[in-house]
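Annotated features in TrEMBL:
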- 1-11: compositional bias 'Pro residues' (COMPBIAS)
- 1-56: region 'Disordered' (REGION)
- 26-39: compositional bias 'Low complexity' (COMPBIAS)
- 114-130: compositional bias 'Polar residues' (COMPBIAS)
- 114-155: region 'Disordered' (REGION)
- 131-140: compositional bias 'Low complexity' (COMPBIAS)
- 218-469: domain 'Orn/DAP/Arg decarboxylase 2 N-terminal' (DOMAIN)
- Lys226: N6-(pyridoxal phosphate)lysine (MOD_RES)
- 498-572: domain 'Arginine decarboxylase helical bundle' (DOMAIN)
- Cys633: active site, proton donor (ACT_SITE)
- 733-786: domain 'Arginine decarboxylase C-terminal helical' (DOMAIN)
Amino acid sequence: MQMPPYRPPTPSGTYRAHSPSPTPNGRQRGSQSGPSGNHGPPPGHNTHAVAGGRVTPKPMLTDWSIDRANQHYNVEGWANGYFSIRGASSSAAHLTTGSPGQPVATISTIPNLSSQTHISNGNAPTQGDNSPGSPASQQAPPQPPPSPTSKAVDGTMQVHPLGLKGPTFNIMDVIDDIKEKGLQFPCIVRFLDILRARVILLNEAFLSAISSLNYGGTYRGVYPIKVNQMKEVVDEIVDAGRPFHYGLEAGSKGELTVVLGYNTDPEAITCCNGYKDEEYLRLALLGRKLGRKVVVIVEKLTELPHILRIASEMSVEPYLGLRCKLTSRGSGKWESSGGDFAKFGLTLPELMRAVEVLKERGMERCAKLIHFHVGSQLTELRVVKEAVMEGARIYAKLRKMGLGIEYFDIGGGLGVDYIGTRSGEDGSSMNYDVHEYAYDVVYTLMRICVEEDVPQPHVVSESGRAITAHHALVIVNIFGTITVGSPEEIAAVSTPTDNEHRVVQEMRNIVGSYTSRSKTAKSWQDAQAKKDEALQMFKLGLLSLEDRAKVEGLYWAVARKMMPYTKSRSRKLRIPKEAIDIADKMADQYMANFSIFQSVVDHWGIDQTFPIIPLHRLCEEPSRDSILVDITCDSDGKVDNFVEDYGTDKTISLHTLRPGEDYYIGIFLTGAYQDIMGNLHNMFGRLNEVHIYIGEWEKNFQLLLLVASIADTPDDDDPEDYYIEEVIRGDRVADVLGRLFYNPQDLVRRMKESLTSNIRSGSLKPKEGVALGEFYDSMINSYTYLKAIIYESKNRIRDVSALKEQLY
Ligand SMILES: Cc1ncc(COP(=O)(O)O)c(C=O)c1O
């Protein structure tokens, strides 16, 4: 058999045999950049990336605008077409031309219409094809009814659950609904249509590659539920994946109980990974008894005889998967998941022994699947291909030894571009998209099968992160700021007084003589030396507290003078590193009502970057260089790594808080691992959640568009375009207490005893004691996060909860 020529997919994901299509900004993509090539920055940037994600930006826009905001927070880069800033012109460009990695918005994504799911098939246009040249795009779309109530204004973040061409609604409207329901922030919003769209995107990408290459097998993906085991998430994935016979993967007994309950499709695969005991194996084989394709993956050679023994006791033929330890290793943060010293899998000698064991028992046909996993969040496509090449050779040799392998399981690892730079150098980005991934996997596997003259197996992938990351957004409210060297602090020391101490006068001279950027290095060194001198003198009793305070205030004045030179990265050139560091450290600390350990634990644990952006006011220039600090009593509880200017930065530009006005920040792409791995540090529990679907009206409207072959939905922001399908209340204090084995009733009893004894001794009035008791009781039933704190003025915080009412 001849291999077809290597022709990677076009950005739209529909395979086209000829020239690559131009992108919105006129550049060519596709074969030109190669399957693992980096793709350029968005229009308006002239950027060169450097190692570690640090880049030198050259923004072409100097004045602030919504387009500038779009570039600054790199929304187009990471949002993948699911989110945009209302009013940004480049998003509008995408509405007519499509974008790389843009999710498919076809009828197949509409809930309850899955029987009509369209599986794109090679060159054939999809049912939802509305490319610029198609007749569809030339008709005027019907208009949705106007909404008098929407809070959507330019500069607010909006959602496109089915991609940029699909229905749109505004996150500020969702925030209003959350408030109306009496839910407190922080709050997770799950856009369940995005989950569906991701499942469809992945399946269609593989089916499209298979069809375009005329590959001999099919695709049978599985979702590893460890990435997000929440019932609603698994429900949605199973439902969206049904037309594709999309299966599930379990890594423990607990997960397998879920998977056996949910994956009832006899065509879909169930993968059983992880170390196994007898109970786990019996559970897996129970699935085989039901006639399902439950594959027990052999992670350790010692598991094999037990599987065979229990299968024989249960009179069932097992489906075995052989997990190989490939020498090819992943790239990025999870590199050690693969390679010779990986935790799971069989070495080559062990694999040979497994073949012997199966042959001795005449059970070669039971080896149905070969599996490897070289790490999560693979940053480079080259690495994926290396692994597939090695795995495919092993597959071919095992086939030739007589094993009946039908499935080739490439594990997880399909990345998510959290920072949107399309760079294989930063662990939070990657240099390929879903279509390129699928195409290169199928192409590489096929090439080796053709060379080795073995049957082309069905492809299985265990992508988790790429399925779930995009659907979850954590909305956090800001309740104040901390500023080191604030203008008030500096103003207080700016006027000299009579008889000032020499050290104070000298520090004043340093501030005064710092007049240009070229003096930064010298002035900063002098200021540091003077501050040290003041400290030594203070310790020796030679400097008063007042004078030392003046020296410190003037020291911050020098640092503040430096900030304009260190703010923009391109201007940081030729500025001493310590001056840049101090400028970063002097960033305002925005106090955010959340726990990093509960909501974005990977930022703390492995320095992963998540896209974070204000959800409104994006038409105003953000003037404060900031970091986010959470409400845990832990100095690690801060976010100091952000997506900015087509790279990452230690600070984020935020807006000055307005007295009496809420300010909301969104932490995006948190749907993979974060939901599940978050912990109870400081007893901050699970967040309130709302689950959102696009509205019934929109579903029908979308249907109408497809029937009428009309292109884009209009840019509407009708709040009725979505509905909150479910509200899940986050942990109350009592829930968290229970998990730590406290008895809330017992605590209430203990408090009542203390109050009673204080009332008896006369130190508390009875009425006051009763009110305090009731207040304590109500706290046990309250949300674990800060309640109703709004920014009032001058960094003062006002707790507007009904504390007084409850007390008196
Ligand atoms: C065996 C296996 N399969 C699948 C996955 C999911 O990987 P990802 O979320 O990167 O797709 C993992 C996670 O590390 C894994 O260990």
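Using the three backbone atoms N, Cα and C, a Cβ is placed for every residue, glycine included.
In the three-state DSSP scheme, the residue listed as 'N6-(pyridoxal phosphate)lysine' is classed as helix.
For the domain 'Arginine decarboxylase helical bundle' (498-572), the number of residues in each DSSP class (helix H, G, I; strand E, B; coil) is 62 helix, 0 strand, 13 coil. Around the Cβ of Cys633 (active site, proton donor), the same chain contributes Asn682, each under 8 angstroms and 6 or more positions distant in sequence. The Cβ neighbour count for the residue listed as 'N6-(pyridoxal phosphate)lysine', using a 10 Å radius and every protein chain shown, is 19.
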